[in-house]
Every structure is written in structure tokens, then in C-alpha cells.
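Step one of this worksheet: look at the structure below.
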Amino acid sequence: MLKKEDDHITGSVDWFIIVLYFLLIIGGWLSIYGASYDYDHVTSLFDFSGRAGMQLVWMGISIIVGFVLLKLDNNLYDILAYFIYAFFIVLLIVTIIIAPDIKGSRSWLVITDSIRLQPAEFTKFAVGLAIARFMNSYNFKLLTIKNLLILAIMIILPMILIMMQKETGSALVFTAFILVLYREGLPGMVLFSGVCAVVLFILGLKYSDIDMGALTMGECISILFIIVVTAILTINFRKDYRTASYILLGAAIYGGICYVISLFDIYVNWGIISITAISAVVIYLLITAAREWSKTYLFLALFAIGSIGYVSSVNYVFTDVLQSHQQIRIKVSLGMEDDLMGAGYNVNQSKIAIGSGGALGKGFLNGTQTKLKYVPEQDTDFIFCTVGEEQGFVGSVLVLLGLSALIIRVFFLAERQKNTFGRVYGYGVGCIFLFHLTINVGMVIGLLPVIGIPLPFFSYGGSSLLAFTILLFIFLRLDMARKRR
Amino acid sequence: MSKDNNLHSEKRYYTILAITVIIVIVLICQLFNLQIIQHEYKYSADSNAFFKKTLYPARGTISDRKDRLLVYNQPTYDIVYIPREVEPFDTLDFCHILGLTRDQLEKKISDVKDRRLNPGYSSYTLQTLMTQLTVREYGLFQEKLYKFPGFYIQNRALRQYNFVNAAQVLGYVAEVNKTALAEDPYYVRGDYAGKSGIETSYENILRGQKGVEILLRDAHGRIKGKYENGKHDVNPVSGKNLKLAIDIELQAYGEYLMQNKIGSIVMIEPSTGEILCLVTSPTYDPAILLGREFGNNYKSLEQNPSKPLFNRATQGTYPPGSTFKTTQGLIFLEEGIITPETAYSCAGGYPPGGGRPRCHGHGSPLSLVPAIATSCNSYFCYGLNAMLSNRKKYANIREAFDIWKDYLVSMGFGYKLGVDLPSEKRGLIPNSQFYTKAFKTEKWYAQNVISIAIGQGEILATPLQVANLGATIANRGFFYTPHVVRQIQDMPLDKTYTDRRYTGVKEAYYNTIAQGMANAVTGGTCYGINLLPEIAVAGKTGTAENPHGRDHSWFMGFAPVDKPQVAISVLVENAGFGARFAVPIARLMVQKYLKGEIPASEKYLEDNMANAIILPNVLNSWEQRRNDIATQTTTEGETIIEE
């Protein structure tokens, strides 16, 4: 009987992911040992009082849980999805009320002194299951206001609760589900608008210190960016190369003439020039819309106007909505401030640790920066430093390739799911891993602001390891069902 | 929507994969940038984690020929800091502990940062702020070190002296200046190096080799042990110890006899060239050029018009006077101008009949031996004239003169002898060009330069060169380059100091001169040093004409005559005839060295010599003024004026 069951799993489970999973958690375990190694107090890899030993315990628990998840009936997840979601929403609320304050965060449920759980970590798979279940409904149409609203609430509700626990990073993870919605039919324009918003935010902020007449340099560059994007969208939606080239050529000639004038030591107010240029583009689009009687041109004109509104609010949002430590983190990642002793310290030290690893690294347990605690949170959020310092470029790239291979394999399998439930959940899994990988590694190597979220399978922490295992293994179970059918 | 679903889904699947791949590529690019392209992170990491502690070697000790320890080390403490690590601190407290004013502290910090003063400045490495803390300051600062992150205390050794003597021979050690910093990368600001005496000339041997200990330091600056168990540490190599040829007891005795006089005593062991004592007067206690009072004390020594920092034995140049006649005898004999039997009559001077140089009363005519013994001026003037005017042997006077000069150079005159002490002077032995230039014609005559025959005129020599002449005559024709260091630990002496240097004059002629010098002691000008029957001394007095005041008193000699153990030169400035001071002082010195003590019967002589005050007026008035100021200030109490 047991043998039959085993064959059952071994025959249908995706071995590629299983092998990668084991390689990654072992790599993570060794990195944690390296990161928490203390010259004064050397513990063995298997000493359960040390962090590596504890991680080993969590690895054991995770593997058992993962195995159990594979044995459960695949329909169970579909049936229980809303219950699980509801359970974790309640748990998040309870956590806000009863959790003690640990380093400013109120996200930990203390079970015993040594066992603490972070419900926020587990909420990810619960949300994944819930939206998969919701979108799996009969004759589901994504692009209705009601459905979009329900999905938005399903995603935003846990985000708000987690933000209330002062875990902004973990809350931001849920934005990864936008990519899932995109796969399921959300217009690409939404995704594109998101990217544009980020670019405009960065441009507007980074060059906000330089005055260019009526506007800041950031705003002028943002307007230039909007003109170019508008032209590209014109081509994209209408295949209208003529209008697009008029917009681009007009802007280029206008700007070029002004530039030549400025060469003769004549003061040129680039702010006013930018405003007149974008106004001309909008007017031109509106005229075209009227002439062609096309909603698309009207939409493009509105896009340009909306973008300008957004650009003019960037500085306000930055200074009045974000908290000061968040402002500094963003400024540091944009290279606007060094602040090496304050907010920039972590990133600078982590770059030093990784940079000092060189091509081949200093060797296992030979890293000085991580051993001597120069890098803060080095066994949790900054675990990648240990990899970078001790294993060098080769090791770091291997870890990146391992994790990205896992993510791509998950997307590959998700795409091949026969039912929407499996596909949506699979994309959810892939997107969450991708988000963690991007934000964590991007932060550690100084590309993104410091946002404290763990690196899957590497960062120390039972909750995160167990949560990622559950997230992944539920998908493996769903995938097994696909193969058997 | 649903009809589009499959159509779009394929595209969106690939879009999502593309996003994933692009993200990973961006991350890998940044990793490549950090780990492969940029190198500064490696350096930052090292300076983060490695605390490179310099381990200072013990400087070599110095002992005298009888193994009495003269110079050794005592521990001292410096305050060093890593500028990058310094955080704002309580400067008031800091200054209070170290007895500094705020301005002084700021000056010190700006000096450290000044790359002209401190070429090796880096904000990542240890910089020396202050050296030589007192034990009390050390204790206080150590206690409060935690308040001053980035500051550390570094141990180092300071010189310590067991004797107050031989200051100019030993020299002193002081902080290296910026030229030394720029020239020798071994030194960093705050390091010490020899500045004079053998501390300078043997600097590379005494200083040893600095070591380094690489310690691991965590983010809070706590030391977490050695890097790789000290595998990369370099142990300091102690400096080598020196054993001097100087006999410190003899040196001290010489300094005692020379007190309140200006001059020099040099004694050399002829069989080795070892310098047994190198007295220069006035002198000072070497210990005052130590510690933080160095600056004031050095200034005071430098301003003293009697120039105590000036080593008269090797740097003072004087006309050698009659001691030089011995060289003339040797040259004339070797050149065949005279034989030992050649006699010249003296009629009170040269040219005869009260010419200049004048001569004193003695029998006439004289051969060479009595001429040396009675120090006849005329004899050597005749001799030099005979040589320079000899047109059979030499084509012209210039050729003759240069041959004459070459002999003197071979005897160690006219050039630096090469003693192992810095800043030795070469003296002056003119060559023919010198006179051709001076007289503006090639046609000059022996009569024009005749006073050089008796060690006057243009001739200049250091007391060391004159003592070396004594050693050469004692050896009957050769000498070893005089040197003060007898042995270097685990290292042979430089070949320069172990090779004989021959003068080119035959031993037989030296015997004649030695005989003359022996006769001078037994029945001539230096009867005052006659120690027979115990010791047969050979000697020659001299009186160096001094245009600025009274003549200088010279004695040059060696003893015993047959198996010489010591050669000596004594110079007492402004003491008049050689016989008055130089000879008795030499008498005491030779006895001190050969017998180990002064017989009771000569204590009066010792007292006379030691108590005699022979200082030029300018010094007397200066001393007087100094004393006046000192008494004034002590009566007033508080303030002490530093000269």
C-alpha cells in the first residue's frame, strides 16, 4: 500500500523542482552557518543552539510538511481556499492585537521562547489560493468592475493588515499578484502604466534638485519621457507612424532650436519650453482625435495629461506621504545621498562584502565582512552578502540562476495547467518568488531601496522557509494532478 | 475576452518569462560590476576588517668595550588614531587628560593631515597624534579610551642612558622629519630614527625591522583575534646590538679633565684602529635629548655659543701645528730629500736670522731626530724648500707639491678618514692648483707656502686625523680606518675597518720619526709626559696659531714606544703652548688607560687640569648672563625661562 503511494508520488511529481528545492535549501543552510559563524563561539553545523542547527530543524519540518502536502487530495486546496484565506485574515488581525513589539515590528506570534511564527509569510499562499479559486469560478470574466474590485480587495486587505504590523516589505509582496492578473487578461497598459509611473517617479526625484526655469530638471526630463512614450503608444495602438513621427520630430526640432539658442549664451527657460512642448502635443492629439473621430487619440491625450499630473505630484508624495526613513532609503538607492553611517550604512557594507568576494570568493567561512558583523541582518535579509563574499561572482550567479530556474520552471508548469485554478495559483507562486528575488537581491547589491523581505530558502527563519515550502509544494501537488489525468 | 484568452496567453506567458530573464540579467550585471569590475570594495573590506597593528622592534642596545651597557630601551606610549574611525568626542576631556590646549590639539590634527609634513597620510591607517606619554597620562587615557573611538595606544621603546658621557658619539634618536619620510618608505610619521652619532650611522642596524600583526576587528571596533591565526603576521626583528670600542670610563675621565675647556681628546688603539675615547668639550648629558622636553633642550643646546652639539673631534678643523712636522720628516726621507743624518742649522728662524717662521733656542745644527725632539721650525722649512725647489727630481714646483700632497693624503689628511660617525670633516691639504689659483700664477715658490711645513698656513686637520697620525707612526707606516663600533651582533664589521691602509713611507723612516718623538718626551718639548721607567711614551707637541685669540694647544703621541697600545691626540683651544695643557692631559689619559688609575702623586695634576677654566671671553659672558637669568627666575619662583 505504502509502496504504491510512493510510486504514485515519484512517478508524477516534478523532479526538476524537487532537486532544485533541495539544492537551494542546503545552499541556504550552509550560508546561514557562514553568516552566523562567530569567532568567539564556534558552533557546529548540527548544533541546535546555533542558527544553522535551528535552520536544519526547520528544514526537516518543512520537508515533512511538503511531503504531507503532496499526499493530500488536490481538490482539497480548491475546496478549502476561502477557509484558509479567512483563517489567515483573522490570524493577521489577532496578530496585530496580541503580538509583542519585536524591533518595531508587531508581526510575530510567540508560541514558545524559541518558536515564533510570522502569519504574514503564510498569508501569501492563502491569497494565492483564494484568487485562484475566485478566478476558477464558472464563466469568470476578469474585466468587469465587480470582479476587479473583489480581486483588489482580496489582495489589498492583507496588505493593509500587514502594514499595520509595520511590515511594509512583506505587504509590498502582494503587488506581485498584478503580474498574475496580467496573465489572466488585465490590459498590458496597466502594467505599462505601472512601469511608467516608477520611471517617472525616479526621474522626477533624482533630478529634483536642479532648477531649470519654471520646472525642475526632473520634471523637464519627465515631460520628454512622456512625449516619447505617447509617440510609442500611438504606434502601438493605431500603427500611426505619421502622427508619431510628427510628435517626435516636432519636439526634436523645437528642443534643438532652443539648444542652439542657448549656445549663444542666451538664457533659455527649459521649464517653459517643456510645458509648451507637451501642451502642443496634447493639442495636436486632441485635434487628431476630433478629425479622425477616434477614442484612441483622446485616450492618448488624456494619458499625457494624467502623466503630467502625476509628475507634478511626485515631489509632494515623496515629501508628505512617505516617512522620513523611507525617503532616505529611496534617496540612498538613487545615489542622491550617501549617508554611510546612517541609512546608507547597510547597503554600503553589503556592497563592500559582496564586492570584496571578487570572481571566486574568499572561500567557505573565510568571509571577513560577514563574520565580523559589518553587514547587519546578515543571516536574514542580507544573507546574499555571505554568498557574494565567500562564493564570489560564480557562487552568486549560481544562486541567482538556481532561483530563477525554479521560477521559470514554475511559470512553465503553470502555463501547462489544464484548469484555471492550477494556472492562477502557479503564476502566483512564480510571481511571489520573483518579487522576493528581485527586491531582496536588488536591495543587497544596492540597486533598490532597503525593503526588508527574505531571500527564498536562503534567509534564516522558520516562518519564511516553511511558508515558501508550503507555497511551492501545494503547486507541486496541483501539478501532479495534471499529469495523472 | 475568453476568445482572446488563448491568443494572448501565449504572448503574455513569454512576456512574463522575459521580465524574469531581464531582471536576472540586471542583477547579474550589477554583481559583475561589484565583484569583477570595481576593486575599491576589496580595499574597503580589508580596511574594515583588518586592524594592522605595527609591532615595533626593540632598538639595538649599545655597550662599551668592557660590556658596560650605555644605551638601552624603556617602554613608552604613543597615541595613534585612524582618522576615518574618529567620531565626535569630548575634546575638553581629551585635552585635559593630555595636558594640551584646544589649539594645540587642532594643530596636531591638522599637522597629521598635512601631506607635506606627512606624505604617508591615509584616513584608513593609524596616524600618530602624540608621542611619549607619561605613565600618568597613559593611565588616565587608557581608562577613558572607550570615550574616544578611533584612538588607540601604541607601545614603543624610548632610549635610555646609563652614563652622562659620550653624547656626541652616541648621538640621539628623534622623530623622523619629512625628508626622511619622503626618502625612506620604511618610516611613517611618528617613527623614531637616529639623528646624530652612531644612532645615525648605524640606524639601519640598530632599528631592526618593524613587524605587523593583522587583527580582525568587528563592526563595533572590537578585536576578534588574529587573522588566520597570525599566518600573515610579520614578527618584528630586533635591532642588532652594538659593542663600542669606546671605554666609557676613559671617556668619562677625558670629559672630566676637559670640563670648562674647549677641545678634544681622541685615543686610538693602533693595532686595530678602534677609537678608545672620543672626547669633545663642551658636552651634554645625552638623556636631555629624550622625551617631550627634546624640543626645548635641543633648542637650548643649539643656541649655546660653545656649540655642545658640535663634535670637535671629527668636525672641528684646526691647523695641526708642530705635530705636523712628523709627516714632513717622513716625506723628506722617503723622497730622499734628506737622510736621517742630514743636518740643517737653525739661526732663530727661517730664513736665517730671525726670519719667519721664527724658531726658539736650541742647539744647532740639528739632524732629524733632535729636530723633531726640539721641534725646530727651521729644519722643516729647509726640508720643504729643498723638496719643492729640487728641479733635478721634479720638473716644476707643482709636480713636487702634488707628490708632497699625495703622501699626506695617504696618511689620512685632506679627505674624510671614513670614521663611522656622521658629518666628519675632511680638513684641508692644498694641492698645487690651490696655490696657482690663490697666487693667480703658476710661478710661485717654496718661500710663499713655507709655513705649511710646520702645520700652519692653509693646513687644517681634525683631532681625529692627528690622533690617526699618531697611530700610523705607532704602527710604523700603516693604519686602520678609525672606528667607534667594535662589534655588531651577528655581523662582521665593514671591511673598511679591518683593512690596513699603508702610507707609502718605509718602516725604517717611521722608526726615525718615532725615535725623534721618543726623544721629545725624554728630553725635548714634551718632557711633561715622561712616564719612564714605567712607560716609554713618544710624543709631539703643537701650537696652532689662532687668528681669533690665544693659540690652541696640541699634543700627539703614542705609547709604549716599542709595542704601542695607544695613540692619542689632545687639543685644548686657546690654551697656548702645547706643553701647558695638552701634554699634562695626555699624560693623565695615557696613565688612565695603560695603568687603569692615576698614581696618588699625580692627583694634584689631575685637579689642576680638571679645575682649569679656559673659555674665550664670549663664552664667559654668555655663561654669566645665563646664570644671572637663572638666579633671577629662581628667586622670583614660578617662571622658568628656557633658553
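FYI, residue positions are counted from 1 along the chain as it appears here.
Placed from the backbone N, Cα and C atoms, the Cβ positions cover glycine too.
Here is what TrEMBL says about this protein:
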TRANSMEM  A:12-32  transmembrane segment
TRANSMEM  A:52-72  transmembrane segment
TRANSMEM  A:79-99  transmembrane segment
TRANSMEM  A:143-164  transmembrane segment
TRANSMEM  A:185-207  transmembrane segment
TRANSMEM  A:213-234  transmembrane segment
TRANSMEM  A:246-264  transmembrane segment
TRANSMEM  A:270-290  transmembrane segment
TRANSMEM  A:297-318  transmembrane segment
TRANSMEM  A:393-412  transmembrane segment
TRANSMEM  A:424-451  transmembrane segment
TRANSMEM  A:457-476  transmembrane segment
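By the Cβ criterion (under 8 Å, sequence separation of 6 or more), the transmembrane segment (A:185-207) is in contact with the transmembrane segment (A:297-318), since 3+ such pairs are found. Sequence-distant neighbours of the transmembrane segment (A:213-234) (same chain, 6+ residues past either end, Cβ-Cβ under 8 Å): 196, 199-200, 203-207, 240, 243-245, 247-248, 251, 255, 268-275, 277-278, 281, 285, 297, 300, 303-304, 307-308, 311-312, 314-315. Counted over residue pairs separated by six or more positions, the transmembrane segment (A:143-164) shares fewer than 3 Cβ pairs under 8 angstroms with the transmembrane segment (A:246-264), which leaves the two as not touching. Contact between the transmembrane segment (A:52-72) and the transmembrane segment (A:424-451) does not hold: fewer than three of their C-beta pairs are under 8 Å, each pair 6 or more apart in sequence. With a threshold of 8 Å between CB atoms, the same-chain residues lying at least 6 positions outside the transmembrane segment (A:457-476) that come near it are 13-14, 17-18, 21, 24-25, 27-28, 31-32, 35-36, 51, 54-55, 57-59, 61-63, 65-66, 69-70, 77, 115-118, 121-122, 124-125, 128-129, 379-381, 383-384, 387, 399, 403, 410, 413-414, 422, 425-426, 429, 432-433, 440.
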